[in-house]
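Novice: Please find one structure pasted underneath; my questions will follow.
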Amino acid sequence: MSESVSGDAEASVSAASSTKRRRGGWITFPFMIATLLGLTIAAWGWLLNLIVYLIEEFNVKSIAAAQISNIVSGCICMVPAIVAVSADSFFGTIPVISVSAFISLMGVVLLTLTASLDSLRPKPCETGSILCESPSNIQLGVLYTAITLASIGTGGTRFTLATAGANQYEKTKDQGSFFNWFFFTTYLGGAISATAIVYSEDNISWTFGFALSSAANLLSFVVFISGRRFYKHDKPLGSPFTSLVRVISAAVLKRKAVISNNDKDYHHESSTATPTKSFRFFNRAALKQEDEVKQDGTISYPWRLCSVQQVEDFKAVIRIIPLALATIFLSTPIATQLSLTVLQGLVMDRRLSPSFKIPAGSLQVITLLSTCLFIIVNDRFLFPFYKKLTGKFLTPLQRVGLGHVFNILSMAVTAIVEAKRLKIVEKGRFLESSSVADMSVLWLFPPLVIAGIGEAFHFPGNVALCYQEFPESMRSTATSITSVVIGICFYTSTAIIDLIQRTTEWLPDDINHGRVDNVYWVLVIGGVLNLGYFLVCSWLYTYRNLKDDNDQKQDVAVSHS
């Protein structure tokens, strides 16, 4: 009898264990990827054409619309950091994605209502008139509420989906494979939005285009919820930033203590790390004093004593800060180009045939496709060729440096193209519209392609750097921190555009009467100075976890997210 009960118990445990093992793995892949595709299509569907929507439907001046677009893009990039901390500390990734997707849906639906209901928009400008009705406070309130909800929801899912998806797999190889698919799906969704949805908004109606975004968001939300029973739910482990703050607290409290050169005077846990000489002030945080360690080896006062590993993890974050500053000034020209290119496209000949005109908001698809193509070229051909030729692989910082060079080149070519366009304007060569220059928008393709090549180097390089150099406890938030840096660049871009508009006459509302080319030349000069700063920081930087070629390939896969 007892043997039967024992057997039943073992069978029950085995069944429970089998059920637990069935959670996660490749069965979750279609749910995660379908969710990502739908949310990306929805988000980019309204974001890429936001400038045009504000100008045409809400009578917002062109430069102001570009400023609003930069602020929104910055918000979308800043939100992932807050969401990542919330997911790691309190809720886990799956609930956060569910709530964020629903918030995004509410925002896009409300944005669709602003396009479909005349009462939520000002009256359109009369043909040939420069006096347009401004939107009312209620109309602006509804518009900004919709944009805010859509931005928060988009930011809440953007990088959390990458972490949640990778958490479904045990093997590093499977995680790397998922990140590759994550990257591919993100750019595929962006390309679909930049072509099909933006085209629908420009040529059918804004209501129809935004409705497509709403449908994509709704479908992705339903798909994600339906796969919950298959997901491996990660448990909140506490904020990874807590240990960083503890290091500061412990070092300050012991600021008068004498730093020891004896390794035994420092607190070690499982790690055998030794305190380094850089930033020696913080070594005091791991310096053992009386009654700070119990007999069982645990810490009596966590805010007065940290382990050597925690101190070194803190130093690793500090070392990357100067490089992060260089990334801000690298991405700022890109953010500025994103906005100004749309404005340039609006006053250039976008006709490819008598019946087809390229939407100005779709110009960014050139950068997307260029980035996607050259990341594949880099990963499959260029990097292996460089390794075969030199016996070394390109480090993350070397890739970022190449990205700097291509970025500067892109700004210079854009400046030359804009100067050519302004000469055509000066000669009075316009199309049927008095504001559209007789110059094909295809002239903007080369600088956008170059910008995409630069992004194929610097964006994966930056993410790979953070992933391999940050402490293990912070790797799940490394990509979100990169997103924050990019978000800051959008605000920096907004500030630069505002400063130029206030101090010069280069950026009037009608750029045909401005000097946008001079703006790009300023960005070129800033890019050269920033490249010099980056090279100095890179020369002084010492890698903490520089990996061999096989590990490097895994990092490239991770960086694609």
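Each Cβ is built from the backbone N, Cα and C atoms, and glycine gets one as well.
Quick paste from TrEMBL:
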type	residues	note
TRANSMEM	27-55	transmembrane segment
TRANSMEM	67-87	transmembrane segment
TRANSMEM	93-113	transmembrane segment
TRANSMEM	178-198	transmembrane segment
TRANSMEM	204-225	transmembrane segment
TRANSMEM	358-377	transmembrane segment
TRANSMEM	397-419	transmembrane segment
TRANSMEM	440-459	transmembrane segment
TRANSMEM	479-500	transmembrane segment
TRANSMEM	520-541	transmembrane segment
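Describe the structural context of each listed feature in the structure shown, including burial, neighbouring residues and relevant distances.
Specialist: For the transmembrane segment (67-87), the list of distant contacts is 43, 47, 50-51, 54, 60, 93, 96, 100, 147-148, 151-152, 154-156, 158-160, 163, 236, 239-241, 335, 338-339, 342, 476-477, 479-481, 483-484, 486-491, 493-494, 497-498: same-chain residues at least six beyond its ends, Cβ to Cβ under 8 Å.
Long-range neighbours of the transmembrane segment (397-419) within the same chain, counting only residues 6 or more positions beyond its ends whose Cβ lies under 8 Å from a Cβ of the stretch, are 323, 327, 330, 333-334, 337, 341, 344, 443-444, 446-448, 450-451, 453-462, 464-465, 516-518, 520-521, 523-524, 527-528, 530-531, 534-535, 538, 541.
Only residues 6 or more beyond the boundaries of the transmembrane segment (520-541), in the same chain, are considered here, and those with a CB under 8 A from a CB of the stretch are 319, 322-323, 325-326, 329-330, 332-333, 336-337, 340, 397, 400-401, 404-405, 407-408, 411-412, 414-415, 418, 500.
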Novice: Of the stretches 93-113, 178-198, 204-225, 358-377, 479-500, which racks up the most C-beta pairs under 8 Å with the transmembrane segment (440-459)?
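Specialist: Stretch with the highest Cβ contact count: 358-377.
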Novice: Check the transmembrane segment (93-113) against the transmembrane segment (178-198) for contact, please; criterion is three or more CB pairs under 8 Å, pairs 6 or more apart in sequence.
Specialist: no
Novice: Using a Cβ-Cβ cut-off of under 8 Å, list the residues of the same chain that are 6+ residues beyond the ends of the transmembrane segment (204-225) and lie near it.
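Specialist: Result: 31-32, 34-39, 41-43, 45-46, 49, 53, 57, 97-98, 101-102, 104-105, 108-109, 111-112, 115-116, 193, 196-198.
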Novice: In the same chain, which residue numbers or ranges, 6 or more beyond the ends of the transmembrane segment (178-198), come under 8 angstroms Cβ to Cβ?
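Specialist: Answer is 29, 32-33, 36-41, 43-45, 48-49, 161-162, 165-166, 168-169, 209, 212-213, 359, 361-362, 364-365, 368-369, 371-372, 375, 557-561.
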